[in-house]
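Quick look at what Swiss-Prot lists:
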BINDING   GLY47, GLY48, TYR49, ASP64, PHE91, ASP114, GLN121  S-adenosyl-L-methionine binding site
REGION    291-347  region 'Disordered'
Amino acid sequence: MMASLGGDNSQAEGAEVRHVPVLIAEVIDALKPVSGAVIVDGTFGAGGYTRRILEAGADVIAIDRDPTAIEAGRAMEKQFPGRLDLVESRFSALDEAVSKVKGAGSKVDGVVLDIGVSSMQIDEAERGFSFQKDGPLDMRMSKKGPSAADVVNRLKTGDLARIFNFLGEERHAGRIARMIDKRRTAQPFTRTLDLANAIETLVGRNPKDRIHPATRVFQALRVYVNDELGELARALLAAERILKPGGRLVVVTFHSLEDRMVKRYFADRAGGSAGSRHLPETHVRLPSFTPAVKGAVGPTAEEEERNPRARSAKLRAGIRTENPPLEDDLSLFGLPKLPETNELARS
């Protein structure tokens, strides 16, 4: 599924060592896994968090919608017999995964979510996530649904601009969308470098810029293709339903859109009055979470030096109260209204 920008740095024997778990010490400190506990790793990826949780003595239900990640995790499953359950699924359905493994109505002691694309996926050109390596313009975490090429070549110009603007915070969104529309009529975009080079040619590149001109467009396409913001919103609500009182929800994000969603969620789940200064109070909402850490926790300078991909990482965490879950309300996340990918699939 949506795995980390890090991952496990102890791959199967003979594999290339590429994956470094991000904020691992901070995650374990916030999650506090102990022997006998059951923790859900909703974004298994290369298994960096799962391994540390298992080493701390807790059992893990690990979820990923990428079948490649699940298959790679079989070696770890053998290393920890009876303590690791791998489930191929979207992490928004983590409550269903827990029911499948532990039985209907089962609760868990912790949930960890690492929101972003795995370095394992970025590093494999054939997955189509990277603008630095040539590959098919795909970007799907699984092989289901429309690809990034489908989006680029088939969506209306205005819809593309909105996706680049809202999901990538790209200031040249309109110009890039119009360029794509003009070019795709004669020659559709099918390769990552083709799109990246076209964007760079259009907007130029200042030598002082730290990021490639295509970075935000590629981010927006990946987030849209995989419905990453919707997945995150539904996963947070699902975690609230399956955590025991005292259970911990730990979320690591890598860009501001996701961090704002998590911050807004924990603030909403702190409860309080349902009224406002304009309307009388209707009822008091009892908190479903209390803070496990103060604000957002970022990487140390040493980690940033060791792993540049950790620079933008932020960790937020909450502790489940004894109160019932609050209402499932996706509107609290402020998600932008964008075209449905299933409509694209039917077009």
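We count from 1, first residue shown onward.
Note: Cβ is positioned from N, Cα and C throughout, glycine not excepted.
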Binding-site residues listed as TYR49, PHE91, least Cβ neighbours within 10 Å: PHE91
Candidate with the highest Cβ count within 10 Å, taken from the binding-site residues GLY47, GLY48: GLY47
Structural state of ASP114 (S-adenosyl-L-methionine binding site), classified by DSSP into three states: strand
Number of other Cβ atoms within 10 Å of the Cβ of ASP64 (S-adenosyl-L-methionine binding site) across all protein chains: 30
